[in-house]
């Protein structure tokens, strides 16, 4: 028997003593002769059973109850292995640490290293873009105007990508709201804290605001058309606007930081498109849109228009488990 059993797992279960013993119980300890005999057989038959690894159990009987040792071999029953330990998989924080490091480096760069040669001009541009200044005859750079308005649409795109298919234990909506003011600098902390899989979304949540708006094809279509119009307005303009914008980028902190924000939002978008696509189980049909999502803003917006509706996965209710043997 010892030759066929190499790994032994013992489950301890306490069973009530149904009958009182009529005579004193004898100790089940083995005699030294039997123990030596068992050690010699184990050493000759199996390399896994050594003399220093044999455990000697003391079975105690009492009137209140008793302990039974039920030993099973995982090698004798390979089709029904017994689980002896349940190990919870720990989260890998390496990507989160890298994203937090990137976030900190970006903030340090924007506040300390970004060019800041024209603070008065930056304030003037900001007032003109916010319509706080009237028509004074100054012509704004069309690329700068297009960049400003496209940055107002990016948070809407990320809201449709993160909710509901990229939810996590950390709520996503505060970061999406803050991204209307801080862009990717407000979204990066959520990227670092996000951990799959996303919790299921109920049918009731899909019918309520804001998910009903973010899942609407009308919202996706308006976003795509508006973004396409802004990009055409920026590109089809004065040829000297690109040279002027490049000069602004080298001197103005406002334009420099905003341009960096646009590039980072475009870089992270394909990952969230892939996550949304796989969550909706549409990767087989929509995988061609993944390389298209690399196109800044237009690629993710086109995916949002063509993607199918999210599957309504309702969280299962807790039900008491019943044992058929009971």
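Using the three backbone atoms N, Cα and C, a Cβ is placed for every residue, glycine included.
The feature transmembrane segment is assigned by TrEMBL to 93-114, 143-163, 175-194, 214-233, 254-274, 286-306.
With a cut-off of 8 Å between Cβ atoms, the residues of this chain six or more beyond the transmembrane segment (214-233) that come close are 142, 145-146, 149-150, 153, 156-157, 159-160, 163, 206, 297-298, 301-302, 304-305, 309-310. Distant neighbours of the transmembrane segment (286-306): 150, 153-154, 157, 160-161, 217, 220-221, 223-224, 227-228, 231, 262, 266, 269-270, 272-274, 276-277; these residues of the same chain sit at least 6 beyond its ends, with a Cβ under 8 Å from one of its Cβ atoms.
By the count of Cβ pairs under 8 Å, the stretch nearest in packing to the transmembrane segment (93-114) among 143-163, 175-194, 254-274 is 175-194. Tertiary proximity for the transmembrane segment (175-194) is limited to same-chain residues at least six positions away from its ends with a CB under 8 Å from its CB atoms, namely 95-97, 99-100, 102-103, 106-107, 110, 151-152, 154-155, 158-159, 162-163, 166, 168, 258, 261-262, 264-265, 268.
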